[in-house]
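For reference, Swiss-Prot has these:
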type	residues	note
ACT_SITE	34	active site, proton acceptor
ACT_SITE	249	active site, proton acceptor
BINDING	133, 297	substrate binding site
MOD_RES	34	N6-(pyridoxal phosphate)lysine
């Protein structure tokens, strides 16, 4: 078992959810738990959020949906964002998973299985309003408006769309997408709607509709919510190096003084990016400690020379992620986003759930 521990505070995630619910007022709030709950544990997080009356959980694939259904039972809604395909349609039906249909081909597939089972099948429709990833195009939406038989056999529960730049509150593209979405919804007056992701929740009530779908904000990746994640690693080796000693592969760091160097048992095999080589930091007792040398597969080195001697010992824990080094702060060092930091948390880490 790994010597490193990821601690996930479920109470913090629940409090983040309640904050979002308070902002959304009368709209329902679901939860994006795709990619194993952004690397933190979809099942554990979903069970915690069910305690706060969350009933809509969004996953990426049928496989993720099946795993969640097996763990949570039948009384919640599990939505599959990537939609339905010929190979997994029967699995979606068997496990009561609701696909988000992204194009006319997926609608056709779901209709086919509706006819096969001789019953209505639930679905969401995804309208592309400008992010241009998934979603029915304007031409496809027009076909649906003009020919309602295209939805025959389907229990259309929600129409959704996704915002491209919701984290920029003043970006006019948000309003463009909102207006496109509203224009489409006029043709489906009795269908519930969902637009707001985490950032969209804070754009105002016009974006909330019937259901919000936060992911990042639940996991502390929004400035108004709290980080629930701590990653700690113990010092497993200490050495005293003289001036001009080289550290790590390819000798990319050379000591500029006599130095005390500590080694921690994590590396790029654990999702700790090589881009942190010679520029990342960890914290020991609230003090910043620089990463020196290359990040290797299983190990990193840190320079603890400036710490008090009483704080330098084998087994001393360094905080890799936590209150001093949040996922967003870490991500900014290497030009990525907090989402990537969390979803890259390695499977070798021991997971500990509190709260």
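Using N, Cα and C of the backbone, Cβ positions are placed for all residues, glycine too.
Overlay of Swiss-Prot feature records on the structure.
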residue: 34; record: active site, proton acceptor; contacts (Cβ under 8 Å, 6+ apart): 42, 58, 59, 60, 64, 81, 215
residue: 133; record: substrate binding site; contacts (Cβ under 8 Å, 6+ apart): 162
residue: 249; record: active site, proton acceptor; contacts (Cβ under 8 Å, 6+ apart): 293, 294, 296
residue: 297; record: substrate binding site; contacts (Cβ under 8 Å, 6+ apart): 267, 268, 269
